């Protein structure tokens, strides 16, 4: 047999072996087969969520297939932008007692766009704004001492890009109670603060964002999001807290962050940074510097319901106290910090002992029990407060006290913690001060690093304001989103964690191995042929 014929036989044998190796490496199941349906139902952790299963050959069937293809392509291509932030800039502001001591940001919604000053709340999921108001807070600037322009009310009929969300939509939590699947989806959110709620209808419209790039046509993005048309508010929302809306940053599928990640716009993470002077920054897609410390989010009732972390111990000065471990919700929508009763007692007593000053006093109108007057001589040295997390990660609270001012200036200060019932505390925005807090939703981790929020360029350039005069980049809306609880309760339990999107389909190890081996053998064969001819 000639060498050429020998080579051809060898090539045929290799090809046959390759085919046999690949053919039996896995079973292939159609996405909408009965076996896949049973598997999806068995993996569902939430029995109240309906499993959508389209009828074969129907319009919905093909829409689901196309939607899935688009999602996989987005995941293969990766995130389109490194960072995004509201089109009016990444700045956040704290407006003091008139606005509940929370941090706010200006956002633009609709076409033409309308501006809203929304509170930033990591303890709930839904973005809602006052809309076609039946009962809303006053929106006139004259009602608030710290505003220089009126707040706005949203009207879906005035936006050419608005759409009502129907009761059949996957994100409509109230869908089963609707009289008709085509009816507009209602929402009602009751918050932990007594008698505080928001209710209305779910709407889809565009949120205007910026990537901060320069001289590019892709700097401004119109991202389709689901938001609450808040027709009726109650409680604190009528008396100064979030009068122009609330931006839920929680883990639920209905949150803006979940939408941005699903659309492949940014990584599934965001950061908040608050300065001592009340200024701050917010960035979508920020994963933080390599030098940051981190801790994992923990389960609550077997689920990742919210940004819950486990604190192993509280330290006052150089003393780490026993019986001070607890779980805590990281919540920018809560002004101050709350500790479980037993932990609270141990911490405040140690703080009071180490302060080594006169006995506590009461400042009228302030909720804290441990408050102190400042003498004319000097400010006493305030002991440090540190929270210990697993793997020796420490979180030093840079602003543990709240200053009290009188007619003559600084009159005293209070240890800014309060007791709460139950075993879950809340680390509010006052204890986040001075840090760049990164909420990594994809890897379920909280990270932090000391930062001047005016300059977050430790490792990469982070734009602080949007570029000017850049055309919009509209994105297609996606009605076929996956099912999840859009439940939002702040500052307690927010929506359940979004399911992690699978990466691009990997090839099976046997197939990959034989494919690589075959390529090497083919190269060898062609080399032999070329040298022997």
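These residue numbers are counts, starting from 1, taken along the chain as shown.
Glycine is treated like the rest: Cβ placed from N, Cα and C.
All annotation found in TrEMBL is predicted automatically rather than curated by experts.
What TrEMBL says about this one:
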SIGNAL    1-19  signal peptide
DOMAIN    103-449  domain 'Peptidase A1'
ACT_SITE  121  active site
ACT_SITE  331  active site
REGION    459-482  region 'Disordered'
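For residue 331 (active site), the number of other Cβ atoms no farther than 10 Å from its own Cβ, over all displayed protein chains, is 28. The CA atom of residue 331 (active site) is located 7 Å away from the CA atom of residue 121 (active site). Here the Cβ of residue 121 (active site) has 27 other Cβ atoms within 10 Å, regardless of which shown protein chain they belong to. Per-residue pLDDT, averaged along the domain 'Peptidase A1' (103-449), amounts to 92 for this model.
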